[in-house]
Structure formats: C-alpha cells, structure tokens
Amino acid sequence: MLLKDLLYKVSLEAVAGSTDQDIRSITFDSRRVEPGSLFIAIPGTQVDGHAFIPKAIESGASAILCETMPEVLQDGVTYIQTADAARAMGFAAANFHGQPSSKLQLVGVTGTNGKTTTVTLLFRLFRALGHRCGLISTVQNQIEDEVIPSTHTTPDSLSLNALLAQMVNRGCTHVFMEVSSHAVVQERIAGLQFAGGIFTNITHDHLDFHKTFDAYIKAKKGFFDQLPKQAFALVNVDDPRGRVMVQNTVARRETYSLETGASFRGRLLSDSIFGLEMEIDSQQVHFQLIGNFNAYNLLGVYGAACLLGEEPGEVLTQLSGLQPPPGRFEQVISPEHIVGIVDYAHTPDALKNVLETISELRQGNEQIITVVGCGGNRDATKRPEMAKIACQYADRVILTSDNPRNEDPLAILADMEKGIPAQTAAVVEILPDRHEAIRRAVLLAQSHDVILVAGKGHETYQEVKGVKNHFDDREELRLAFSGH
Ligand SMILES: CC(=O)N[C@H]1[C@@H](OP(=O)(O)OP(=O)(O)OC[C@H]2O[C@@H](n3ccc(=O)[nH]c3=O)[C@H](O)[C@@H]2O)O[C@H](CO)[C@@H](O)[C@@H]1O[C@H](C)C(=O)N[C@@H](C)C(=O)N[C@H](CCC(=O)O)C(=O)O
Ligand SMILES: Nc1ncnc2c1ncn2[C@@H]1O[C@H](COP(=O)(O)OP(=O)(O)OP(=O)(O)O)[C@@H](O)[C@H]1O
Ligand SMILES: N[C@H](CCC[C@H](N)C(=O)O)C(=O)O
Ligand SMILES: [Mg+2]
C-alpha cells in the first residue's frame, strides 16, 4: 500500500521524504522490521521505541512514524512526525487492512469484571441465531470454529486489525471483543468503527498501571467517548459509574438494570447451583449460569442482541441454553462429592461475588476452603483486600502464588497477609507452591465441602520470571481428587 494511503486520517505534524512509496509491512517492534517496512516508534512503559529507529533502518525500514524527529535524517527514508504514535498506528493499521471494522458489526465490552463472560455469551448466542461470528477475548480468539490463542485481553492495533480482516475474509458479520482499560489508554482501539459498546461495572483493579481510581474510570470512559453517533452505548446503571461512562458520548445511550427503570430491565427471581431464574421483559427465563453477578452479564447480552436487531423472544430462548466460558465457576467434583470450583476471580470484587454465591448456595454446615493468590507485577493494593475477603467468607484459607512473574512470591504473600483480620474465625495457612496448596485443600476437605480455587480460571500456566510453566487448576484438582 502507498504510504500516503496508509496515512489517511492520521494527524501529521511534519513529513520529510516521499509518501509515494509502497509499504509492505508495518511494525512497532524493530526486531520485526523487514525491507520496505514502516516502523512506528512508540514510547512504552519499559523503553522508548524511538531508541530503535537506527536499528529499524539498518533492517530495511523505508519509513518511520514517530513523535520526535531524529536529529540526523537518512537519505531514502521517509520520516513522519505525529503527536501520538500509538494513536496514529491505530489508524494506519485500519487503513493497511482495508478498514475491516467498518465491514462488521463490531461490539466492544469494557468493565472490571464480566467482559470475557459477556463477549463469549454474545459470540455463542449470535452463532446460535445463525450469524457468522468472531470473538476477541482473554481466554481465546475465535473465527467461527477456529480457535486462535490470545496473548492479551485486547490485542495491539496491528494484530487486532489483521485479525478483524481475517474475520471479514471468512464471511463474519458480527465480532464481539473485550476492550481493556490498557487498550483504551494505549490506543489499541484507535481507528476502529464500533457498532456498539457495553459497560459492565468498575471496581478496584490495575491501579499499578492507572495509578488512581479516577484515572481508571477515565480510561474506561474513553471508550464511550470515541464511539460514533450511529453506535449504541449500553451501560449497567446499577453500577454507580454507569451514567458517568456515557456522559460525553455521541452514541445512542441505552441502559440495563436489575434495580431501576432502564431500557432493558430484568429481575433476579432465584439463584441456585442449577442456574438462575430471571424475569426479562415480563418473560420468565431459566439460565445455566451460576452466581447472581451473571444476571448482569445475561441482561447486558440480551440488551445488546436486541439493539443489534435480533428478535427478543428468540434471543431469550437461545441465551437460556448457553454455558459460561471456561474457568468461570467451573466445577470439578470428586468421587466423594467434594465440590471444587475454579474461578477467574482475580479482583477483590470478583472474589467477594464468587464467595457470596458459594455461601448462599451452602445448604448445611459444609466448609468453604479458599485457595487464592495475587499476581506479581500487577496492582499490589488489591493483595490485602483479597486476603481479607477470603477470610470473611471462607472457613479455611490457603494463601498461595498466582503468576509471581518477576516478584518474590513470599513478598506478594506478605502483602496479602497484611489483610488478614486480627479477629478472623477462618483458619489461614500459607503455602507458596500452588500445587501443594491445592493438595492441602483437598486433604482438608470432606464430602460436600466446597474448595474455591480462585484467580487463574482458564489459565494453563504459572508465570515465573518470564517463563510460563504448565499449570492448570482444574487438572490439579482432578489429580488431587483421584489421589495422584
Ligand atoms: C504494560 C503494558 O500494557 N505493556 C504493553 C505495551 O508494551 P510497553 O509499552 O511496555 O513496551 P516497551 O517494552 O516499553 O517497548 C516500547 C516500544 O519499543 C519497542 N521495542 C522494544 C525493544 C526493541 O528491541 N525494539 C523495539 O522496537 C516495542 O515494540 C514497543 O513498541 O505494549 C505492548 C504492545 O501492544 C504490549 O504487548 C504490552 O503488554 C504487556 C506484555 C502486558 O503484560 N500487558 C498487560 C498488563 C495488559 O495489556 N493487560 C490488559 C488487560 C488485562 C485484563 O484485565 O484483562 C490486556 O488487554 O491484556
Ligand atoms: N458482572 C460481573 N460482576 C462482578 N463479577 C463478575 C461479573 N462477571 C464475572 N465476574 C467475576 O469475575 C471473574 C472474571 O470474569 P470475566 O472473565 O468475565 O471478566 P473480565 O472482565 O473478562 O476479566 P479480565 O479483565 O481479566 O479479562 C469471574 O470469574 C467472576 O468471578
Ligand atoms: N488480565 C489480568 C489477569 C490477571 C490474572 C491473574 N491470574 C494474574 O496473573 O494476576 C491481568 O493481566 O492483570
Ligand atoms: Mg477478560
């Protein structure tokens, strides 16, 4: 593609050299430059991409898009200056791949919890309704039946547009994607044309990255601020920040609620280990998902499907048959009827919700045993909170490791320990090895007790110092239950 066509809608500050040359590939990583590449220099969280401009040219880059022009410009290379290289990359990526988002009904979902559940339900629902669909999520990306492993909740704009283009080529009409707060701030979604956006909720997470809760709210709101006029902005107004999210959007505002008047109003009638009973638009429906927080996810999905033009009755019929995504309240039952639950609760709010659900489902005096850890190189302020919540709801708590990354597992556990209430009735143990922690929980459990293994859900690895070692909570429970 000609460089000048690639720069359509990119706001330019200065250009040195010809924009009539053919660009064969685009990259923001100097290690991936090929002859004829456009290299985009992005100031990152670890290093500044501008430092790699010489390396990119050495590897054959014929054009450079950057925020600061190098002092010495090389002959034969075109330099383009822009105020925000990450944002410029979003538009260039969309141009390079033929604006795939404009050929799709693209729906983005943001919020602290419930994004994966919501997009996965939407993907499965729209397939059941007869549409060809794409999915972009934390657990996996998917084009119809083909599963493509995912590395991020929201991919970078180049990978994202390449994936969307593949979806268009495969005849997809609808794509459901998660929009993380990191993605908004890092402009991974710049240049995309959304048909709609959904806000689930906002609670404590990612303060390592956003620094303050206000900045985190602003990041999520940024998604709705950039929706186009013809899109819908569907928000959960039972969340105190629901209305703030859509304060400045030009998109059509729509709401959903379990408590108050809204465009989509639902009522939770009952929840049990067999699922949820809800009333939606005066219809009583049974759903397979467990946990009252899922009533919100289901209502958001219902609202979005109606806004996309689907017939409400048919939506409810199909939705009622759907299962949750992997690692979300996933049950592994032992031959002695010990109930293992693997859940991706890795935020204080999610942990509280899951433990509340388990407590409410308790029928007699079964024990609740919780195995939980917190990720390394991630928000440290949630660590004591999560330990505190575990102690409030469980009879026994085993604090352990969850992706220590480059931190000392014992230091993470020491942060968690600070949250153990002085007067807690819970018996707390600390076992840094997650394998040992799960075995210990199984050893302590008796028939009908519940073991919640929280934080990793679908993950199949434990990340230590840059290495991902195979680890799967569900597999660990199964092995421990079978005495191996
Ligand atoms: C903290 C964070 O979000 N980092 C993301 C960011 O990288 P960065 O800014 O740290 O990059 P950097 O290492 O400083 O490098 C700066 C620039 O120099 C370039 N470079 C670097 C070295 C070199 O030799 N040559 C070169 O050109 C890099 O390619 C980059 O363009 O931009 C990269 C490209 O998009 C991302 O892969 C990377 O995600 C890292 C791996 C990550 O762990 N991110 C997590 C926190 C994340 O994004 N999570 C969210 C939300 C999770 C959720 O709640 O669901 C997600 O959407 O997944
Ligand atoms: N609507 C909800 N409100 C509160 N908690 C929820 C909700 N939906 C799911 N959860 C809890 O949060 C956990 C994560 O859910 P899910 O994977 O759908 O969220 P996510 O927003 O995609 O998370 P991530 O930011 O890590 O991608 C679930 O395992 C469950 O414990
Ligand atoms: N998307 C989240 C997932 C956290 C999952 C948990 N297992 C951890 O590693 O902290 C993050 O990257 O912060
Ligand atoms: Mg997710």
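Note that Cβ sites are derived from N, Cα and C of the backbone, with glycine treated the same way.
Per TrEMBL, the features are as follows:
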- 23-96: domain 'Mur ligase N-terminal catalytic' (DOMAIN)
- 109-304: domain 'Mur ligase central' (DOMAIN)
- Gly111, Thr112, Asn113, Gly114, Lys115, Thr116, Thr117: ATP binding site (BINDING)
- Lys220: N6-carboxylysine (MOD_RES)
- 327-457: domain 'Mur ligase C-terminal' (DOMAIN)
- Arg378, Asp402, Asn403, Pro404, Arg405, Gly455, Glu459: meso-2,6-diaminopimelate binding site (BINDING)
- 402-405: motif 'Meso-diaminopimelate recognition motif' (MOTIF)
Other CB atoms, at most 10 A from the CB of Thr112 (ATP binding site): 21
Densest Cβ neighbourhood among Asp402, Glu459 (binding-site residues), 10 Å radius: Asp402
Cβ within 8 Å of the mean position of the Cβ atoms of Arg378, Asp402, Asn403, Pro404, Arg405, Gly455, Glu459: remaining residues of the chain near meso-2,6-diaminopimelate: His346, Gly373, Cys374, Gly375, Gly376, Ser401, Lys456, Gln462, Glu463
Of Asn113, Gly114, Lys115, Thr116, Thr117, Lys220, recorded positions neighbouring ligand 2, Cβ under 6 A: Asn113, Gly114, Lys115, Thr116, Thr117
Additional residues around ATP, ordered along the sequence, whose Cβ is within 8 Å of the centroid of Gly111, Thr112, Asn113, Gly114, Lys115, Thr116, Thr117: Val109, Thr118, Glu178, Thr200, Asn201, Asn297
Contact set, same chain, for the motif 'Meso-diaminopimelate recognition motif' (402-405): CB under 8 Å, 6 or more residues outside the stretch: 346, 372-378, 412, 434, 455-456, 459, 461-466
Set of same-chain residues at least 6 away whose C-beta sits under 8 angstroms from Gly455 (meso-2,6-diaminopimelate binding site): Tyr344, Ala345, His346, Val372, Gly373, Cys374, Gly375, Asp402
Helix, strand and coil residues within the motif 'Meso-diaminopimelate recognition motif' (402-405) as assigned by DSSP: 0 helix, 1 strand, 3 coil
Binding-site residues close to ligand 4 - of Asn113, Lys115, Thr116, only those whose C-beta is under 6 Å away: Lys115, Thr116
Neighbouring C-beta atoms (10 Å sphere around the C-beta of Thr117 (ATP binding site)): 27
Per-state residue totals over the domain 'Mur ligase C-terminal' (327-457) - DSSP helix, strand, coil: 46 helix, 28 strand, 57 coil
